[in-house]
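Annotated in Swiss-Prot:
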{"type": "DISULFID", "residues": "Cys79-Cys170", "note": "disulfide bond"}
{"type": "CARBOHYD", "residues": "Asn152", "note": "N-linked glycosylation site"}
{"type": "SITE", "residues": "Glu145", "note": "site 'Important for receptor activation'"}
{"type": "SITE", "residues": "Glu172", "note": "site 'Important for receptor activation'"}
{"type": "TOPO_DOM", "residues": "1-8", "note": "topological domain 'Extracellular'"}
{"type": "TOPO_DOM", "residues": "32-41", "note": "topological domain 'Cytoplasmic'"}
{"type": "TOPO_DOM", "residues": "65-79", "note": "topological domain 'Extracellular'"}
{"type": "TOPO_DOM", "residues": "102-121", "note": "topological domain 'Cytoplasmic'"}
{"type": "TOPO_DOM", "residues": "143-178", "note": "topological domain 'Extracellular'"}
{"type": "TOPO_DOM", "residues": "201-223", "note": "topological domain 'Cytoplasmic'"}
{"type": "TOPO_DOM", "residues": "249-256", "note": "topological domain 'Extracellular'"}
{"type": "TOPO_DOM", "residues": "280-300", "note": "topological domain 'Cytoplasmic'"}
{"type": "TRANSMEM", "residues": "9-31", "note": "transmembrane segment"}
{"type": "TRANSMEM", "residues": "42-64", "note": "transmembrane segment"}
{"type": "TRANSMEM", "residues": "80-101", "note": "transmembrane segment"}
{"type": "TRANSMEM", "residues": "122-142", "note": "transmembrane segment"}
{"type": "TRANSMEM", "residues": "179-200", "note": "transmembrane segment"}
{"type": "TRANSMEM", "residues": "224-248", "note": "transmembrane segment"}
{"type": "TRANSMEM", "residues": "257-279", "note": "transmembrane segment"}
Amino acid sequence: MALSPQLFFALYVSAFALGFPLNLLAIRGAVARARLRLTPNLVYTLHLACSDLLLAITLPVKAVEALASGAWPLPLPLCPVFVLVHFAPLYAGGGFLAALSAGRYLGAAFPFGYQAVRRPRYSWGVCVAIWALVLCHMGLVLGLEAPGGWLNTTSSSLGINTPVNGSPVCLEAWDPNSARPARLSFSILLFFVPLVITAFCYVGCLRALAHSGLSHKRKLRAAWAAGGAFLTLLLCLGPYNASNVASFVNPDLGGSWRKLGLITGSWSVVLNPLVTGYLGASPGRGTVCTTRTQGGTIQK
């Protein structure tokens, strides 16, 4: 299904207009709560919101690029910077959502054991590891696949390429023989692994909630807190990464599906702040996952 450039433009602009202020509010709310008590989930939320803020900043460029039918609108040397700032948060977001889900699952299934070892400094270490994994993998793959450098105008370049119509294109003119395996490796390591972790933790949270003493209403709230990350991964990041797999299996399936996947991925900047639930400016408000077990209560 092919969408018009005007519709792509409108979707990118809408994602930016909603996602940018939402993530600013999420950061504000998380910082306000962290001043009272810093928890592992607050650390993950802050990194996720900052990551989404970076992604949101690039969306106006994607909007102009879409309106120009893929032509690169900025000076040529900014292409590699844009690729890094746009795609690193897109892949890192899955890791932060998986970390949030793991924290909720461990708190629900093993409240006392997890309470004894949950320390914010461990969460900072996890976040640094996620960023390092994403950036190192991107640098390694992109560096190996660009033997002539980012601004080489050959067909194997990852950066600027000049197609037949004479307009410069950033990244999308990447040689398909190099792009397909590279994008597949990104998706397997940085999406499908976090997706499996998130799905496992979601099922574990549901089992723990089923045996908890919470009311039906609070069970629904806790189930949303646990399942929101899984839904965001599926709905926002799933189509883009599915297109990477599809284009590897059948090269003819990649083009328009990938463009749609980038659109849904951009809307993760809108859904993620709603999933984390730290939009309120007041430290005393916000959606938290609270699980009451046989011997006590744990709050994350």
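A Cβ is built for glycine as well, from the same backbone N, Cα and C atoms used for every other residue.
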**Item:** Segment confidence, the topological domain 'Cytoplasmic' (102-121), expressed as mean pLDDT
**Value:** 82
**Item:** Secondary structure composition of the topological domain 'Extracellular' (249-256) [DSSP: H/G/I, E/B, coil]
**Value:** 6 helix, 0 strand, 2 coil
**Request:** Across all the protein chains here, work out how many other Cβ atoms are within 10 Å of the Cβ of Cys79 (disulfide bond).
**Result:** 22
**Request:** Helix, strand, coil: count each for the residues of the topological domain 'Cytoplasmic' (201-223), based on DSSP.
**Result:** 18 helix, 0 strand, 5 coil
**Fill in**
Ranking 122-142, 224-248, 257-279 by Cβ pairs under 8 Å to the transmembrane segment (42-64) puts first 257-279
**Asked** Looking only at DSSP and grouping its letters into three states, which state does Cys79 (disulfide bond) belong to?
**Response** helix
**Message:** Is it possible to list how many residues within the topological domain 'Cytoplasmic' (102-121) are helical, extended or coil according to DSSP?
**Reply:** 17 helix, 0 strand, 3 coil
